[in-house]
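For reference, the structure discussed in these notes is given below.
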């Protein structure tokens with residue numbers, strides 16, 4: 001012990017050998033001294049090490065406190081910046097929007113008016129989504145904002161004071177939801193990759209088709225015997241429930257993929273790719289069953305009419321898709337804007353006109369086929385069109401989920417109906433989980449990965465909100481009370497499926513992903529190498 005102290009003292013007092021004495025050399029010498037003092041007695045920190053740690057801690061805390069003070073000064077400055085500036089700006093925009101519409105429409109934009117209700121619902125849905133996004137749990141993905149939008153609309157409808165002043169006509173509500181459905185279908189069609197379609201493995205096909213079809217058939221069976229729906233309406237309900245939600249699955253998969261979980265087996269890629277095909281299959285089945293349910297005549301005629309709607313939708317979509325591949329041509333100005341307007345305008349026209357001409361199931365198929373063929377021809381420009389359509393979706397997403405929530409009234413719900421709807425959703429989801437597990441067997445996944453994929457294929461949201469109210473809107477256009485009751489049951493089940501499965505599915509993916517999926521080994525090695533390099537430096 002004494003020899004070591006003498007050696008340390010000698011090294012500290014050693015004279016310079018002609019080299020320039022710099023602060024960095026002094027820091028290195030000080031760090032070596034502290035390390036050697038630690039080596040003498042590793043269990044008890046020395047006074048020097050304690051002082052060094054406290055000084056480092058103060059240096060780390062000082063910039064943080066300075067940042068908070070600087071932000072506060074910017075916020076309270078004149079003119080203000082930061083949070084206060086954003087709040088004032090957003091409030092001004094909201095008030096200005098209302099004032100401009102009021103100056104044009106008058107009483108329609110006052111409390112109780114139609115436009116007033118739409119504006120209030122729109123901003124309340126946005127605020128609801130933002131508030132839900134503030135709920136952050138450690139090591140878990142954030143809750144989907146669409147859930148906050150859904151709850152905002154539900155609260156507006158079921159709080160008497162607010163409901164008396166926020167009134168939206170059924171025709172306006174139906175039209176806005178149909179526009180949102182058109183945007184979703186365009187995004188789904190453009191999102192399909194023709195090269196990926198050719199390279200799809202059997203497991204991706206099984207995953208996109210098997211659970212959707214089995215859940216649709218199970219839900220139809222349950223709806224017929226538990227809810228008393230006719231078989232046509234049972235399958236409408238089944239295909240509403242059969243779709244998985246990309247709005248929940250894709251962000252969660254991207255988080256896991258960024259962390260390196262399941263990348264080696266391609267689990268996130270598989271789920272994101274199969275999700276699009278799962279949704280398209282559900283929408284196609286829904287449109288076909290919708291056409292059959294609202295057609296009159298014999299069963300054979302209804303089935304043939306459903307097939308005819310599919311043929312009309314595919315044929316019309318093919319013609320329009322090839323048309324907008326070449327018009328406008330690539331040498332025109334503002335090419336992306338023109339293509340975006342054409343694909344959105346034609347999709348909205350297809351959805352509305354199909355209902356007008358008595359073929360409600362053909363509009364959605366027409367939009368899907370048209371967007372897919374247009375995207376194949378646009379190649380590199382497709383991404384720019386998708387960006388603009390994503391902005392349109394950001395505008396209509398709060399309206400869609402807010403309007404879906406506002407359709408559900410507690411006063412009109414019977415307790416036994418709610419219980420049967422929850423039972424239908426629960427049993428159908430359980431069958432879907434088991435079917436998904438079977439579909440990924442013999443695909444090279446281990447038991448933990450199969451369990452994760454089964455639970456990750458659970459969330460429902462976007463498609464249920466988009467098509468869940470279409471049957472009710474179509475029933476209202478026919479003016480039959482019994483059909484409206486069937487449509488209300490379908491909408492209630494869709495609402496409950498979003499409310500139950502969206503948060504549970506998101507939490508399960510965040511909890512089970514790091515525990516059941518393997519992390520890529522080379523990422524860990526890279527981190528270790530980087531750590532060793534930083535220590536050596």
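Think of each number as a place in line: the chain as shown, counted from 1.
Note: Cβ is positioned from N, Cα and C throughout, glycine not excepted.
Worth saying up front: this structure is predicted, and the values here are computed from it rather than measured.
Under the heading compositional bias 'Basic and acidic residues', Swiss-Prot lists 1-10.
Positions annotated as compositional bias 'Polar residues' by Swiss-Prot: 15-27.
Sequence-distant contacts of the transmembrane segment (87-104) (same chain, at least 6 residues past either end, Cβ-Cβ under 8 Å): 80, 110, 115-116, 119, 123. Sequence annotations record features per position, and here Swiss-Prot assigns transmembrane segment to 87-104 (among others) based on similarity to another entry.
What Swiss-Prot lists as topological domain 'Extracellular' is 105-113 (among others), and the listing cites a curator's inference. Residues of the topological domain 'Extracellular' (105-113) grouped by DSSP class, helix first, strand second and coil last, total 5 helix, 0 strand, 4 coil.
Annotated transmembrane segment per Swiss-Prot: 145-161 (among others), in sequence order.
Non-local neighbours of the topological domain 'Extracellular' (162-171) in the same chain are 111-114, 116-118, 120-121, 155-156, 403, 406, 473, 476; each lies 6+ residues outside the stretch with a CB under 8 Å from one of its CB atoms. For 162-171 (among others), the entry in Swiss-Prot reads topological domain 'Extracellular', with the evidence type a curator's inference.
Annotation source Swiss-Prot lists transmembrane segment at 172-189 (among others), citing similarity to another entry.
Taken from Swiss-Prot, the feature transmembrane segment applies to 201-227 (among others), supported by similarity to another entry.
Secondary structure of the topological domain 'Extracellular' (228-233), assigned with DSSP and counted as helix (H, G, I), strand (E, B) and coil, comes to 3 helix, 0 strand, 3 coil. Swiss-Prot lists 228-233 (among others) with the feature topological domain 'Extracellular'.
The transmembrane segment annotation in Swiss-Prot covers 234-242 (among others) and is backed by similarity to another entry.
Residues of the same chain lying 6 or more positions beyond the ends of the transmembrane segment (271-290) and with a Cβ under 8 Å from any Cβ of it are 185, 188, 191-192, 196, 200, 204-205, 207-209, 211-213, 216, 232, 235-236, 238-240, 242-244, 246, 249-250, 253, 306-307, 309-310, 313, 360-365, 368, 453, 456-457, 462-463, 467, 470-471, 474. The transmembrane segment feature in Swiss-Prot is assigned to 271-290 (among others); the stated evidence is similarity to another entry.
Here Swiss-Prot flags 291-300 (among others) as topological domain 'Extracellular', drawing on a curator's inference. In this model, the topological domain 'Extracellular' (291-300) carries an average pLDDT of 74.
Sequence-distant contacts of the transmembrane segment (301-324) (same chain, at least 6 residues past either end, Cβ-Cβ under 8 Å): 232, 284, 287-289, 291-292, 295, 339, 342-343, 346, 350, 354, 359-374, 377. For 301-324 (among others), the entry in Swiss-Prot reads transmembrane segment.
Annotated transmembrane segment per Swiss-Prot: 340-357 (among others), in sequence order.
Beyond the topological domain 'Extracellular' (358-361), the same-chain residues lying 6 or more positions past its ends with a Cβ under 8 Å from any Cβ of the stretch are 286-291, 294, 306, 308-310, 312-313, 470, 474. The topological domain 'Extracellular' feature in Swiss-Prot is assigned to 358-361 (among others).
The transmembrane segment annotation in Swiss-Prot covers 391-411 (among others) and rests on similarity to another entry.
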Next on the checklist: Can the transmembrane segment (462-473) be said to touch the transmembrane segment (234-242) if we require at least 3 CB pairs below 8 Å and skip pairs under 6 apart in sequence?
Outcome noted: yes
Next on the checklist: Can you tell me which recorded stretch out of 172-189, 201-227, 234-242, 340-357, 418-440 has the most Cβ pairs within less than 8 Å of the transmembrane segment (487-509)?
Outcome noted: 418-440
Checklist entry - Can you name the far-off residues of the same chain, 6+ from the ends of the topological domain 'Extracellular' (105-113), with a Cβ under 8 Å from a Cβ of it? => result 98, 119, 164-167
Checklist entry - Do the transmembrane segment (201-227) and the transmembrane segment (391-411) come close, with at least three CB pairs under 8 A (pairs 6 or more apart in sequence)? => result no
Checklist entry - Could you give the number of helix, strand and coil residues in the topological domain 'Extracellular' (162-171) as assigned by DSSP? => result 6 helix, 0 strand, 4 coil
Checklist entry - Would you list the DSSP helix, strand and coil counts for the residues of the topological domain 'Extracellular' (412-417)? => result 3 helix, 0 strand, 3 coil
Checklist entry - If you run through the topological domain 'Extracellular' (474-486) with DSSP, how many residues end up as helix, strand and coil? => result 11 helix, 0 strand, 2 coil
Item to check | Cβ-Cβ under 8 Å with the topological domain 'Extracellular' (228-233): same-chain residues at least 6 beyond its ends | outcome: 220, 289, 292-293, 302, 471, 486, 489-490
